[in-house]
Amino acid sequence: VLQSSNSLKASYEDWLLTYGLSVSPFHMRWQTALFNRQFYNWGRWKPRFLYLWFSVGMVFGIVAMFGSVILLGKTLMQTLTQMLTEAPKAQNDRMLQVVVSVLSLHLYLGVVPGVNLPVSQLTYFFSAILISGVIHEVGHGVAAIREQVRFNGFGIFIFIVYPGAFVDLFTTHLQLISPVQQLRIFCAGVWHNFVLGVASFLGLFLLPAILFPFYYTGAGALVTEIAEDSPANGPRGLFVGDIITNLQDCPVYSVEDWNSCLGDISEKSQVGYCVSAATLQQLSFPARVYRRLDGTVECCSNNSLTDICFSYSNNLDNNLYACLPARKVIEAGKVCRANTDCQKDSVPSFCVTPSLENQTRLIRVKHPPHIDMLYVGHPLHLQYTVSLSSFVPRQNFLSIDLPVVVETFCKYLISLSGALAVINAVPCFALDGQWILNSFLEATLSSLIVEKQNRELVGFLILLAGSALLAANVALGLWMVTAR
């Protein structure tokens, strides 16, 4: 039995070796020489152009190495400040923190991306990481061939659930070439990630022009999906294919306008609606007034699904309340903030404002030709449960999801490829920054620090500091994200 088991194990290992596969706990990789010819064709194509291309990449990589240290230092200081003050963090800073944390974890720990990444976005996330990794390694491989370093093969790996790529170069050749040539090779990956990010940004920016023959923009926000638990569901709610043109008195021409309008509605106080004194007397009916736990006032029955408590003031009393049918009030009156906004006609009118719980808003959503949707709740709940697109198809057979897929994928490529460039440029052990730093020190300090051991000591101390900086960002950034 033991001999049969050993024979089976040997056959299995031979099979893996034949196909270039390597399997170990949490890690699987595949290496092949199938693409060597293509890599050599790329590396020998227009040598002068490639020399300039990778020379620019070398300068960028060196600048990125110093820039990444400044960026991580700034992020660390912001995180520490937030921990000490518990002050709210700006959205851009939080996104930077998430990107740094997730990418660092991708490189080091391989935990499931998480924190705020929806399951529906995992395909974009992993595809963008794989493409960013492949472009990164293509840069190293082509640069190495350009510098006459032997290229052994290209491969793809999966560490836990994270995909990646690598190239196998002949180490002896790397050690024989000059430090400047080494820099062109080591900086090529970071450079290619930056170029991929810029190309994705341009693609995202030019997407309306690219899709113009098939999709038009500026007409509103097109509903592409509505979550099952969304308050926008229902016979008088939103439907896939609707075009939203207004939120309250805020015009909506794109998804950005939708988000901006909801942000303004959330931050500002609830708007009111002009109602004439006669209409107010006709629609209102006697109701018991009581205060909620948060101090706001309710004057309608809890069983009512169409009526809302409105507050208003007149010359005699500043705290009057009336239970009114919401749709009739909103459709009949214009938006107002005070009674003075309603005094343009000779008919006496009042500005009645919905008396709702804190952070709750009554929002009128226009999506012609359908009847307006009235939403009562937190604006963020509406924002997160309705998926929209700024692109409206010119023909019915065109997919409403295609522009969203392209747009979302470009955004992931921009953030992940850019973050991969930043992280890899950090002077840290096991990252490109380690080799960039060593070659940079050899190219610049060899005349100042003659002893190679002393130069290596300087490099080691810098790498130690860079590794500590990156580790601190990962630890504190992940803690801040998960703690929220």
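Using N, Cα and C of the backbone, Cβ positions are placed for all residues, glycine too.
As recorded in TrEMBL, the features of this protein are as follows:
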DOMAIN    124-464  domain 'Peptidase M50'
TRANSMEM  50-73  transmembrane segment
TRANSMEM  94-115  transmembrane segment
TRANSMEM  121-139  transmembrane segment
TRANSMEM  151-170  transmembrane segment
TRANSMEM  190-216  transmembrane segment
TRANSMEM  412-437  transmembrane segment
TRANSMEM  457-481  transmembrane segment
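Remark: the transmembrane segment (412-437) makes no contact with the transmembrane segment (151-170), by the rule of 3 or more CB pairs under 8 A. The transmembrane segment (50-73) shares more Cβ pairs under 8 Å with 190-216 than with any other stretch in the list 151-170, 190-216, 457-481.
Averaged across the domain 'Peptidase M50' (124-464), pLDDT in this predicted model comes to 91.
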